[in-house]
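**Q** After the structure tokens below, expect a handful of questions from me.
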Amino acid sequence: MKKLKLHGFNNLTKSLSFCIYDICYAKTTEERDGYIAYIDELYNANRLTEILSETCSIIGANILNIARQDYEPQGASVTILVSEEPVDPKLIDKTEHPGPLPETVVAHLDKSHICVHTYPESHPEGGLCTFRADIEVSTCGVISPLKALNYLIHQLESDIVTIDYRVRGFTRDINGMKHFIDHEINSIQNFMSDDMKALYDMVDVNVYQENIFHTKMLLKEFDLKHYMFHTKPEDLTDSERQEITAALWKEMREIYYGRNMPAV
């Protein structure tokens, strides 16, 4: 896309929001309570603040304010308001490609915010536990928050990811013509690294004329031991392993497709 010469400030709002899910099977009530306590502590407000603050540091944003809160019985939220340092729009890369990983990211946010909320929960009887982190990065100006996508997903490893990206508003060039998007994008997947894309099955649902993009990701490899909390698969009978595997896979597909499915 040809670089635009703007009249005044870039007034486009670019919002990236995504949910990440971690799935676990806890055999007993004690194990379920233990998983919820473990994941709640792992992603408490202080830890989330560190992740988001590091994100701001890596992308070159100034932190204006931090609001954080842990909740009872579980859950946490953090919101960070940021502003950008002076940046020459001519230096901004607007091509479609994966954002760099944490050690190499350099970018700027403008009049923006980054927020995260966590939602641990468990099935009352079935032994299934899920942890959801809801993250939003919203920017005004020349930078797309998609550049932070690689870093954040790598920081929060997950079984399922749903991502939404939208560009709202318009900005004018020096001739007064409106522009409703200022960078190339055909798919959110084009902003992910090859190693990440190799790990997940993905599907896109995009509304190009509305500048709305949606990608769903489901982890390809399924290893039961990674989903058990304090119980080893080898300590279970074959029928128990099959039953738990079926329950976990059903849970993951329901979350991925966003609908309840009949038992097989």
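Each Cβ is built from the backbone N, Cα and C atoms, and glycine gets one as well.
So Swiss-Prot lists the following for this protein:
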ACT_SITE  SER112  active site, schiff-base intermediate with substrate
MOD_RES   SER112  pyruvic acid (Ser)
ACT_SITE  HIS117  active site, proton acceptor
ACT_SITE  CYS140  active site, proton donor
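I'd like these features described in context: how deep, what's nearby, how far apart.
**A** In this structure, SER112 (active site, schiff-base intermediate with substrate) is part of a beta strand by DSSP. Residue environment of SER112 (active site, schiff-base intermediate with substrate) contains 25 other Cβ atoms, counted within 10 Å of its Cβ in all protein chains.
Annotation note: HIS117 (active site, proton acceptor) sits in a strand segment as assigned by DSSP. The Cβ of HIS117 (active site, proton acceptor) has 18 neighbouring Cβ atoms from other residues within 10 Å, across all protein chains displayed.
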**Q** What is the separation, in Å, between the Cα atoms of HIS117 (active site, proton acceptor) and CYS140 (active site, proton donor)?
**A** 22
